[in-house]
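Here's what TrEMBL has on this protein:
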type	residues	note
BINDING	ASN22, ASN73, GLY83, ASN84, ASN180, GLU197, ARG198, GLY208, THR209	substrate binding site
ACT_SITE	CYS82	active site, proton donor
ACT_SITE	CYS207	active site, proton acceptor
Amino acid sequence: MLNQGNDNSMDIQFYKYQGAGNDFILIDNRKKNNQLNTKEIENLCDRRFGIGADGLMLLQNHPDYDFEMIYFNADGKEGSMCGNGGRCIVAFAKFLGIIDTQTDFLAVDGPHYAKIAPAGDQVELQMIDVSSIEKDGNAFVLNTGSPHYVEQVNNLQQLDVYLEGKTIRNNETYKAHGINVNFIEDMGDHFFVRTFERGVEDETYACGTGVTAVALSMAKYKGQQGHISSPVKVLGGNLQIEFDYDGKTFTNIFLCGPALQVFEGKLRL
Ligand SMILES: N[C@H](CCC[C@H](N)C(=O)O)C(=O)O
């Protein structure tokens, strides 16, 4: 997979995936032969000096699971759980022939079960159970594998998500550890969501743990219980969150949507 040339350059095979417009560089690292450092990952994710992506993932072997997902944000640092990245790496594992239509894999927030729908490009990823949702003013704050801030707004299409999101992410409460900031508008039969992501430090076209945080917060806000299906529209497409809520804990949470390979190539480092 990795060729070490005489001139110390390396060629690493990579694949690019996107899930609802959240895009990732994926590398098969089962032989543990890549040596990417923070600066290199940041450069590769740069949209002008590199390939361009919201994050980079390594697929690695694990003794107890089908594979392990190692996720880096576009800033080159290892991130917390990435829902759309999780769906994309499942599609990648299928492409590599590691799994068929179901998998149990390990990510930074623990084990995840996922299944690939018969159509082929739809991946349903189980997320961690959630039992705590806090309030910050009118906003909801919760951890769905990554930390999220969820605020309802009017006229979301017109909102300056970069400016407003950056301001919240860097306020006194969140500055030290950062937070992903989701703005939502209730459209009646679905939620419209736009997200400013920490680690990318910009608005992305979709955020899986973010739309999950939105769906859970809104179910609690609306006093819903039982099995809930929550369709969400994001800048890069549509996602669906399915879960059970007994008024205390959210369980059987599934993030569902497309995960597509868009191209492959070789990294020159
Ligand atoms: N795009 C991701 C979230 C990445 C998490 C990252 N921004 C962090 O907080 O470390 C998702 O689909 O869930």
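Just so you know, glycine gets a Cβ as well, placed from its N, Cα and C.
Everything TrEMBL records as a feature, shown here on the structure.
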| residue | record | Cβ contacts under 8 Å, 6 or more apart |
| --- | --- | --- |
| ASN22 | substrate binding site | ASP54, CYS82, ASN84, GLY85, THR204, TYR205, ALA206, CYS207, GLY208, GLY236 |
| GLY83 | substrate binding site | LEU125, MET127, THR144, GLY145, CYS207, GLY208, THR209, GLY210, VAL211, THR212, LEU255 |
| ASN180 | substrate binding site | SER146, PRO147, HIS148, TYR149, ARG169, THR195, PHE196, GLU197, ARG198, CYS207, THR209, GLY210, ALA213 |
For the substrate site (ASN22, ASN73, GLY83, ASN84, ASN180, GLU197, ARG198, GLY208, THR209), what does the 8 A shell look like? I mean other same-chain residues with CB within 8 A of the CB centroid. ASP54, GLY55, GLY79, CYS82, GLY85, SER146, THR195, VAL200, THR204, CYS207, GLY210
Substrate site residues ASN22, ASN73, GLY83, ASN84, ASN180, GLU197, ARG198, GLY208, THR209: biggest Cα-Cα distance, Å? 15
ARG198 (substrate binding site) has its Cβ surrounded, within 10 angstroms, by a count of other Cβ atoms equal to 23
